[in-house]
Structure formats: C-alpha cells, structure tokens
Amino acid sequence: MNIHEYQAKALLRTYGAPVSDGRAVLNAADAKAAAGELDGPLWVVKAQIHAGGRGKGKFVEAEAGEKGGVRLAFSVEEAAQHAKQMLGQTLVTHQTGPAGKQVNRIYIEDGSDIETELYLALLVDRQTSRVSFVCSTEGGMDIEEVAANTPEKILSFSVDPACGYQAFHGRRVAFALGLKGAQVKQCVQLMGNLYRAFVEKDMEMLEINPLIVLEKTLDLKVLDAKVSFDGNAMYRHADIAELRDETEEDPKELAASKHDLNYIALDGEIGCMVNGAGLAMATMDIIKLYGAEPANFLDVGGGATKEKVTEAFKIITSDPNVKGILVNIFGGIMRCDVIAEGVIAAVKEVGLQVPLVVRLEGTNVELGKDIIKNSGLNVIAADDLKDGAQKIVKAVKG
Ligand code: GDP
Ligand code: MN
C-alpha cells in the first residue's frame, strides 16, 4: 500500500525526522490560507500523486501551465495560484504511464534553500531477506539512471536483524554521502529513526530523494518521501490503513480487493477467471502460447461463491480491452456444478458482449457441463486447458 508524500512526512516527523512545515489542501479555495500559515519567503507547491518524477512531469491540460508538479513560489498568492492550476488536472511522469494521474491533493511546504541533494532509501532486499540501506551522492535525479550509468556512486548494504540498527550503519551512510562534522551525528540518528519507522510500520520501501543538506546551517532535511507498506501487514496498522487513498488505485483492482479476489490488470485482450494462483499463471501462459495476451490475472480462490464469481465477471467485463473471456476452473474442494451455476448467474446478471469459453474439471464435472449446455446461453464448452485456450484465442482472433 502506498501513501502520499505529505502523509509520509507526517509519519516520519513522529519518528523525529527533520521535515519542513507544510499543509495539505484538497480545494483551491483553501490554498491561500494554508500558504499563509507557513513562514516563507519561499513556498513549494507539490502535486500529491502516488508516483515519482513529479518535478519533471508535464500536465496534460494547458490550464495547468508549463511547469511540472513541483513548483516554487515567492508569495502566498503565487503559491495559491500554482495550487489552483494543478488541482483536478492530469500529471504525466515517467512513473504514471502515458495516461497520467489526476491531482486531487496539493501539499504546500515551507521552501528550503538547498546546498546538496542526496539519495537515501530503505527497502527489503529479497536476495538477503534483510532491510537494506541504499544511498548515493547523486540525489534529486532518477536513481535508476544512476544505477545504470554510474553504479559505483551507489552504496548499498543490509542490516543483520539479529543486532538491528547500529551506529556504524549510520556512519557508513554518512561517509558515503560525504557528510562531515555535526552532520555525521545527525545522520546516525536519522538513519536509526528511519530504520525504526521502517520496521515498526512494516514498510516495504522508504525512499528519500532528495535528502538535502541545507544552505547556511548545513543541517540534513527530508525533502521528499515515498513510502509503501506491506499490504498483508495492514491489519495491525489501523493508523496506516486509514491513509489509503482509493482514488489512486485502479478501480478494477480496488473492487477486486473489496471482494477478496486476487486481481491484477494487464494489457491483453483475453479476460481470465481462474481458481488458484498456479492455475491462473498456467492459463496466462497457454493463452500467450496460442498467440494472444491475457487481460488480467484473476484468482477467485478455492472457495469461490456464486457472489464472488459474479463480482469477478463484473470486473472482467468492465475492462474495455477484453475481447473474450476464458473461465478455467478446477473443482477440487469446490464442485463444478456450483461453479457452473455461478457462471450462468453472473452472465445473466452482467450480460455477455464477448465470447465466453468455459473449461471445468474436477468434482461433478459432468453435472457442471450439463448446466452450462442447458443454460441456453452462448457459452463455448472446452474439454481441457489446451482446448479452452485454443477456442478462446480462435473466438477472439478468428
Ligand atoms: P519528485 O520530482 O516527485 O521526486 O519531487 P521532489 O519532492 O523530489 O521534488 C523535485 C525537485 O524539486 C527536488 O529534487 C528539488 O530540486 C526541488 N525542490 C523540492 N522542494 C524544494 C525546496 O523546498 N526548495 C528548493 N529550492 N527546491 C525544491
Ligand atoms: Mn523526489
């Protein structure tokens, strides 16, 4: 689960991380008052979307102006003007995809004078199964680009969970970032606080790009924060779960999560409804083998009810890219006749604009096939996985 920058900063502040004062606004009418509560003389007006690269992003609409999603302002009025221009408009960055994301929230922050921009991240390293620090002097830019062109400028190391965070970890980061004097102590403390936040809140990633050194004081400050959490741990973090912004999520994936369906939208033309993740993967593979592309991964689970099957159908058919549907269910614990009834009920409720191939196998399979055959609906029955895949690809591609 992802949260917005302003939410991440509020959370990190509770862990003692240095962040600027700021106000989040949902309406342009509130922007001026919000900016007025900050000291100035510099304000930063930042589009809040669940994607990075906002500064270099571009708005689709001309009304939003030429600038990107992170804008400097030198008066309260100018800050309010930027907020008004960006709210409701579509920001495209290298992380949003070409369709971009609508900006529904703006964060107005007290501006900082920057001496240096650094890069810092904590993440779960799958190779070591440990929390890793990643840092680089090349802050403020695309870290993927730094990794590709100058990998020697990135330091990464993991923390042994048996001893947890130790001051030497922080010093390692400090020296890699070229910090000196009082900054080293600050860094050791900040890294410890960030590590504690990461572990206590079950984060998956915590990226601070840039972590800055302030002009004049040379203190450290968290200037941007991108945080994602382990979705499976949200049951024990009610405070974090509350921060979820559903408008940032794919509506189909959101509906699926509400009905406990494992659904991931893809770019292809064949909608798949399958039970079991392994069978779902195999179904996607075989669709590709016969020359088409799956429109989604969907695992309705072992105990799919009629209601769940109907919901799954609704989600699949709401995708305009879907030109055909393949239902591939193995009735193990579930009986094929129950599944067949669910499919028929779903088709009757949702309607069917595209070809539908159903392959059933397992308990009560004959009964299930009869139910489909006698339904009077235009459903193509398939005998096995190969047959099902061939039939749906033929129905879609001709
Ligand atoms: P991102 O583009 O989505 O990663 O958004 P960031 O929050 O990282 O902002 C992008 C860039 O805007 C930063 O790398 C900075 O160069 C600049 N920026 C952000 N906040 C400030 C600020 O308070 N003062 C100044 N001078 N620049 C800022
Ligand atoms: Mn950034």
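The backbone N, Cα and C atoms fix where each Cβ goes, glycine too.
Curation plays no part in TrEMBL annotations; they are all automatic predictions.
The feature domain 'ATP-grasp fold succinyl-CoA synthetase-type' is assigned by TrEMBL to 2-212.
As annotated by TrEMBL, ATP binding site applies to LYS46, GLY53, ARG54, GLY55, GLU109, SER112, GLU117. For the recorded site, GLU117 (ATP binding site), the DSSP three-state label reads strand. Under 8 Å, Cβ to Cβ, and six or more positions away along its own chain, GLU117 (ATP binding site) finds GLY139, GLY140, PRO210, LEU211, ILE212, LEU223.
ASN209 (Mg(2+) binding site) falls within a strand when secondary structure is assigned with DSSP. What TrEMBL records for ASN209, ASP224 is Mg(2+) binding site.
Taken from TrEMBL, the feature domain 'ATP-citrate synthase/succinyl-CoA ligase C-terminal' applies to 273-392. When the domain 'ATP-citrate synthase/succinyl-CoA ligase C-terminal' (273-392) is classified with DSSP, helix, strand and coil residues number 57 helix, 26 strand, 37 coil.
According to TrEMBL, the feature substrate binding site maps to ASN275, GLY332, ILE333, MET334.
Geometry remark: ASN275 (substrate binding site) versus SER112 (ATP binding site), CA distance 52 Å. Within 10 Å of the Cβ of GLY53 (ATP binding site) there are 17 other Cβ atoms, across all protein chains. Of all Cβ atoms in the protein chains displayed, 22 besides its own lie within 10 Å of the Cβ of ASP224 (Mg(2+) binding site). Among the binding-site residues ILE333, MET334, the residue whose Cβ has the fewest other Cβ atoms within 10 Å is ILE333. Fewest Cβ neighbours within 10 Å among the binding-site residues GLY55, GLY332: that distinction goes to GLY332.
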